[in-house]
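Input: a single structure, listed below in structure tokens.
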Amino acid sequence: MKIDILTLFPEMFAPLEHSIVGKAREKGLLEINYHNFRENAEKSRHVDDEPYGGGQGMLLRAQPIFDAYDDIEKKQPRVILLDPAGRTFDQAYAEELAKEEELIFICGHYEGYDERIKTLVTDEISLGDYILTGGELAAMTMIDATVRLIPEVIGKEASHTDDSFSSGLLEYPQYTRPYDYRGMVVPEVLMSGHHENIRKWRLYESLKKTYLRRPDLLKHYEMTVEEEAMLEEIRHAHSD
């Protein structure tokens, strides 16, 4: 995968040199290029200006971003604009992006964008209903969530397919050594070695956590007969 990032602050992306994303780059599975579009600004070096019609704040000008975009070697990239008004980013969208060969992220850092910039864009994306100073943190979040889904980036596919949201449910509780820590012991079923009982326990706990913390996820989750029976039991146990 090739990722190009248009930003005024390329130094903010230093964390992408490490952990899973850094390893993906070392393996040759990922290429990331940074483009400081201030370098594409005209002689004034100004990348922003006051909006026509008045109003508070500044807008990013179209010219520096268009020129930076034109300088990128590309075929048919997915072009993502980080914008609070965009579609909310989620796991399903990360899985969608992980199938792409080229991604371009446009990160703003002022009041907004000249509307004409959006003619370059295929996707307008937001992390949620809140405002960040710029798009850099949002872009890093999306890149991390996406890159870890690329085949061969993580050793075992189960490492991410069992994650919360990948299955449609929140992840079940997990434990490691020691068995007893400050009086808190590991559930006996996990010590039993009985794989079917462990599977059922994990599924039950996953359903319970989702029901109690994120019931909205269950609206779109297609349940098996076994899961429906478990959920009914969970509802009854927590009906008070």
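Here, residue 1 is simply the first one shown, and the rest follow in order.
Positions of Cβ are set from backbone N, Cα and C atoms, glycine also.
Model, not experiment: these values are computed from the prediction.
Features reported for this protein in Swiss-Prot:
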type	residues	note
BINDING	GLY108, LEU127, GLY128, ASP129, TYR130, ILE131, LEU132	S-adenosyl-L-methionine binding site
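Recorded features from Swiss-Prot, shown on the structure.
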residue	record	DSSP (3 states)
GLY108	S-adenosyl-L-methionine binding site	coil
LEU127	S-adenosyl-L-methionine binding site	coil
LEU132	S-adenosyl-L-methionine binding site	coil
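Annotation for ASP129 (S-adenosyl-L-methionine binding site): spatial neighbours PRO84, criterion Cβ-Cβ under 8 Å with sequence separation of six or more. The Cβ of GLY128 (S-adenosyl-L-methionine binding site) lies under 8 Å from the Cβ of THR88, each of which sits 6+ residues away along the same chain. Sequence-distant contacts of LEU132 (S-adenosyl-L-methionine binding site), defined as residues of its own chain at least six apart whose C-beta falls under 8 angstroms from its C-beta, comprise ALA138. Here the binding-site residues are LEU127, ILE131, and the one whose Cβ sees the fewest other Cβ atoms within 10 Å is ILE131. Least crowded of the binding-site residues (GLY108, TYR130), judged by neighbouring Cβ atoms within 10 Å of its own Cβ: TYR130. When the record's S-adenosyl-L-methionine-binding residues GLY108, LEU127, GLY128, ASP129, TYR130, ILE131, LEU132 are compared pairwise by CA position, the greatest distance found is 17 Å.
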